[in-house]
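J.: Starting off with a structure, shown below.
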Amino acid sequence: MSGEASTSRRKRQRVPSSVESVENGGGDAVARSGTLFELDLLDCPICCHALTSPIFQCDNGHIACSSCCTKLRNKCPSCALPIGNFRSRIMERVVEAVMVTCPNVKHGCTEKFSYGKELIHEKDCRFALCYCPAPNCNYSGVYKDLYSHFYVNHYDTWNQIGCGNFAGAWLRISEKILVLQYGQGPLIAVQCFKETQGMYVTVNCIAPCAPGVGELSFELSYKMPMGGNSTMMFKSEEMNRIQKVSFQTPEKDFMLVPYYFLGDFSTLKMEICIRKLKKDEEEADEDEESEEEEDDDDDDDDDDEEEDADEEE
């Protein structure tokens with residue numbers, strides 16, 4: 001359905017078509033020339049989302065996507081004739097024949113898709129831009145470049161933590177954000193928000209929602225200061241992944257620290273433990289290569305042992 005492909009209008013590109021000559025049955029040359037056209041011609045004229053199969057038309061040839069046909073109760077808004085019973089096969093073929101690149105092609109993505117389907121991929125593209133969480137920094141880049149950028153340009157606020165062990169995460173309430181780096185990989189944004197009930201604390205990984213990228217879990221603990229015995233714990237089986245930090249109050253996935261837990265302290269002295277859900281694709285490929293090399297070494301050792309045995313005989 002077209003509603004699944006897009007939620008907003010996009011900047012369109014012009015698609016070129018080749019120019020060639022063919023001959024008809026009588027041997028005469030018939031010129032067939034292609035022209036440039038705007039991709040928004042392949043959008044539903046009603047909702048302006050990308051057309052995807054099934055596409056319907058009325059008897060007068062007006063087209064609409066399936067979701068619009070349902071919303072309009074199968075009545076064409078242009079001529080009031082019934083629409084939604086007959087599919088526009090030729091329009092479906094045109095839409096499927098137009099191939100477009102991923103919007104992140106300039107950042108390294110080489111994927112191509114039928115028109116409209118690239119938006120579905122864009123949400124999970126590992127080349128989607130991520131934004132630097134440092135205040136007053138406008139840098140954006142692919143997630144791996146962002147990590148090196150933060151280390152080089154914001155080293156004074158750089159904090160590295162390891163895997164599977166609790167480490168200190170001391171967040172100054174006035175600064176609202178603490179950035180941690182998980183090993184040599186993802187940046188973790190720990191944020192606090194002052195609300196009526198207390199302090200909201202969130203933990204997010206700055207990474208695209210691509211398979212094998214920034215897939216982490218975490219545990220967060222806060223102990224009542226000044227000798228208190230109370231400890232708060234917050235655990236998430238899967239850390240949220242974001243491309244850009246937001247300073248709007250979260251509606252879910254936060255730890256609430258009541259003000260009476262804070263005392264007069266201006267710093268949230270927490271501890272955090274981060275674990276990886278599964279290996280990144282690149283690390284998995286490296287492991288496979290190392291396993292293959294080990295297998296080759298084992299085979300060579302077996303061959304050497306067989307040769308030694310033959311010599312002894």
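Cβ coordinates come from backbone N, Cα and C, glycine included.
Swiss-Prot lists these features:
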type	residues	note
REGION	1-26	region 'Disordered'
ZN_FING	44-80	zinc finger
REGION	94-277	region 'SBD'
ZN_FING	97-155	zinc finger
BINDING	CYS102, CYS109, HIS121, CYS125	Zn(2+) 1 binding site
BINDING	CYS132, CYS137, HIS149, HIS154	Zn(2+) 2 binding site
REGION	278-313	region 'Disordered'
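Quick one: where do these features end up spatially?
T.: On the 0 to 100 pLDDT scale, the region 'SBD' (94-277) averages 86 in the predicted structure.
Long-range neighbours of CYS109 (Zn(2+) 1 binding site) (same chain, six or more residues apart, CB within less than 8 Å of its CB): THR101, CYS102, CYS125, ARG126, PHE127.
On its own chain, HIS149 (Zn(2+) 2 binding site) has CYS132, TYR139, GLY141 as residues at least 6 apart in sequence with a Cβ closer than 8 Å to its own Cβ.
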J.: Determine which residues of the same chain, besides CYS102, CYS109, HIS121, CYS125, have their CB within 8 A of the center of the CB atoms at the recorded Zn(2+) 1 site, and list them by sequence.
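T.: Close Cβ neighbours, site residues excluded: PRO103, ASN104, VAL105, GLU111, GLU118, GLU122, ASP124, ARG126, PHE127, ALA128.
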J.: Do any residues at least six apart in sequence from HIS154 (Zn(2+) 2 binding site), in the same chain, have a Cβ closer than 8 Å to its Cβ, and if so which, in order?
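T.: Sequence-distant Cβ neighbours: CYS132, ALA134, CYS137, VAL179.
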J.: Using DSSP, would you call CYS109 (Zn(2+) 1 binding site) helix, strand or coil?
T.: coil
J.: Are there any residues at least 6 positions away along the chain from HIS121 (Zn(2+) 1 binding site) with a Cβ closer than 8 Å to its Cβ? List them or say none.
T.: CYS102, GLU111, PHE113
J.: Using the structure shown, find which entry in CYS102, CYS125, CYS132, CYS137 (the binding-site residues) has the sparsest Cβ neighbourhood within 10 Å.
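T.: Result for the binding-site residues CYS102, CYS125, CYS132, CYS137: minimum number of other Cβ atoms within 10 Å at CYS137.
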